[in-house]
Amino acid sequence: MGLYPNLKRAFVMLWLLLLTGCWSSNEIEDLSVYVGIALDKGEVTAEEQQLREQGSAEKNIDKVTATLQIISSKSSSSSDQSTKTDQKPFINTAGTGDSVFEIFREFASRRDQPVIGHHMKIVVISGGLARANRLDDMLDFFYRDNDIRPSCFVVVSRGEARKTLETKVPGGIPAFRLVGMLDNRNRTLEVIPSVSLSKLQGYLQSGTSFILQNVLSAQGEIKFSGAAVIKGETKKLIGYLSEEELKGLVWLTGSGKGGLVKAYDHNDSGRSMAYEMKSMKSTIKSRADGKKLSFDVNIESEGRLIELWNHASIFNRPATKELEAIFEQKVRRLIDQAIKKMQQQYRVDVAGFGSHVRIEHPRLWQSVKKDWDSVFSQSLIHYKVKLKITEFGSLID
Amino acid sequence: MDENDYITPAQVAVVIINAMLGAGILTLPRTTVNAAHTPDVWLSIMVGGFVIILFGMVLVRLGLRYRGQTFYQYVSRITGRWIGAFLSLVVIVYFMLVASFEVRALSEVTGLYLLEGTPSWAIIMPFLWVGGYLIRGGVSALARLCEVILPITGIIFFLTMFLSFGIFDIHNMRPVLGLGMTPVLKGIEPALLSFIGFETIIVLQAFMKKPEKAAKSVIAGILIPTAFYVTTVVMVIGALTVDGVVTKTWPTMDLIRSFELSGLIFERFESFLLVIWIMQIYSTFTITCYASALGIAQLTGRNLKSVITVLLPVIYILSMAPHSLKDLNKLGDMLGLTALCLFGLLPLLLLILSKWKAGKKDGTVS
């Protein structure tokens, strides 16, 4: 021990103060965790209207109504036995304004527990709002904020976005349901590869057009149906793809993971049949002839015959080749619809053909990328579809 | 110099790696893509690594001519006392600024993603104290710490990077050399800046028992960070695209924030990346702080420990000097360019001068 043993000890004890815990910690029970956000056209809710009449809120333009889905901490704690069993595990609360961040911070003056975005999973944007406002404007706050992760997904709702965050099922959290539905790509072609904030930013920055999953809602039920088309140049919504057109697009790009093709016999319209797709592959080749571009698309798929109606016995079915031809024709019809919609109506490339030109003809791409959408709508797309029925399920034939 | 304070060739390599990996790894994808505008920047990094190996070789040759001496000691013998003292001073200030730059980057990133609300002095001060404590133990203590944290860094880094494979799209990395070599060349300059750290050999070599083995250490010390960097830019660009990367302040952080894995014990991995990154900042800080303190000690003939005590507050003040993140980035770029002149061009001049002097002395050219 040195000169001042006690002084040394006291000094060492001081270091214990550093072990007292986190500097600016917040107990999770004191926070409102929101897991989903719906952005709608500015429409002041009834409560908000009343609050305003009593003199709250500064003047602002009601551009956006943001509805937050907050996990209610009360329902998750089982200590309170008196809570009714049908009480929802979430609270939806809305605010209106022309700055998303301002709306968020307004909640601090309306709720005892401040809202935090660490667990936000999904943003639903209403179609009407996306038509009127640029996506990068509406989402700017989400990109800058350090709580909200870029892994959060973005979808569009053709109707009111806040309706998609409602449910009739007690105990379910709609935002989680939406995220879970995005995972069902191995079952249906109607779910497209999910777009996260970070993927979306790539699209927005590069100025390519793209599609976002469209979600419909009716009386607390929701359904993914078709897609919203966002034009890269304006970054606004310009229209929708129907379910059939979307399926065509998925076939064209070969991005499906699982799903089916339903078709009818040419002679017998009552005879429905279904093909369960097991694999889908599309090879796109771009050909440049001066500034004129064309694409050769080769689509191949293998799968099983999973359902066939109206045949007398299982040994009495049409030849495999015949069935394949029927399914192929159906797929071609879907693709035709999709191409027509892209090239003629919306005049945008949402199938990623531009990316093939960028990779295969990088120098040409430099000159066409500025007005790629219009170049694309004038280019020719040749495609071939080859479906192969490799098995018939548990039935022999 | 203490006889027992020495390091092995493997330790030299490890220290160089730890000195190199630092603040740059979070920003590298942005800085290189900003210059090149193509996904080919991984080639720029490889070329950059090769160039840095050449620079490193010159430094090693120089060190071999003055065994057991650090840059601060031998530079005066080459250029004369006054110029030597001036050059030493420049190098000392350079290391001091690098140390403060790293500290400030640490407080910026942790303040944003990890410890929001904690004042930056509360983050920086303990960091400085722990760093100061380590380097009081001399270069061998420093090297042993580096040996501990490097494997941890490597395992966690590559694990988190490869976990992002789910959002990786090879199309974003294509076409390779679509616009020829020009973008690759443009990307080399920012790539070179990320290799800053190799210059610590000017101090380390003096502590080697067999300084001729330093060449191998330097090559290994540069190739391994090259692997880290190439992996980083490939994974980041592959997931965030060239256009997405340029908008992000810390693109590598955003890569890890862009995915969640459910089903594992952990869903999010940014804290892992931050932990190893803080360890790397710590090692870079301690190494540069040591290099600076040693310079002052050798120049003024004072005790290293007392120099460190005085140096820490200076570094703290310097780290608080940049007003904003923009200023900080500017400082980082400036430091990088200084380093390239100071440790890329200058040593070559010194080497030629030294050989010429030696040749004049005994009439033969060595």
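The count begins at 1 with the first shown residue.
Placement of Cβ uses the backbone N, Cα and C atoms for every residue, glycine included.
Features of the protein shown, as given by TrEMBL:
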type	residues	note
TRANSMEM	B:12-29	transmembrane segment
TRANSMEM	B:41-62	transmembrane segment
TRANSMEM	B:82-101	transmembrane segment
TRANSMEM	B:121-139	transmembrane segment
TRANSMEM	B:148-168	transmembrane segment
TRANSMEM	B:188-207	transmembrane segment
TRANSMEM	B:219-242	transmembrane segment
TRANSMEM	B:272-297	transmembrane segment
TRANSMEM	B:304-322	transmembrane segment
TRANSMEM	B:334-353	transmembrane segment
Same-chain residues near the transmembrane segment (B:188-207), Cβ under 8 Å, at least 6 residues beyond its ends: 1, 5-7, 12, 15-16, 18-22, 24-25, 28, 31-32, 34-35, 41, 44-45, 47-49, 51-52, 55-56, 59-60, 62-64, 68-71, 73, 91, 98, 139-140, 214, 217-218, 221-222, 225, 229, 284, 287-288, 290-291, 294-295, 332-333, 335-337, 339-340, 342-343
Interface-richest range of B:12-29, B:41-62, B:121-139 toward the transmembrane segment (B:219-242), CB pairs under 8 Å: B:12-29
Close approaches to the transmembrane segment (B:272-297) from elsewhere in its chain (Cβ under 8 angstroms; 6 or more beyond its ends): 15, 18-23, 25-26, 70-72, 88, 91-93, 95-96, 98-99, 102-103, 105-106, 109-110, 113-114, 127, 130-132, 134-135, 139, 142, 145-146, 149, 152-153, 156-157, 159-160, 197, 200, 202-203, 252-253, 256, 266, 303-304, 307-308, 311-312, 315
Folded-back contacts onto the transmembrane segment (B:334-353), same chain, C-beta under 8 angstroms, at least six residues removed: 55, 58-59, 61-62, 65, 75, 78-79, 87, 90-91, 94, 97-98, 101, 192-193, 196, 198-199, 202
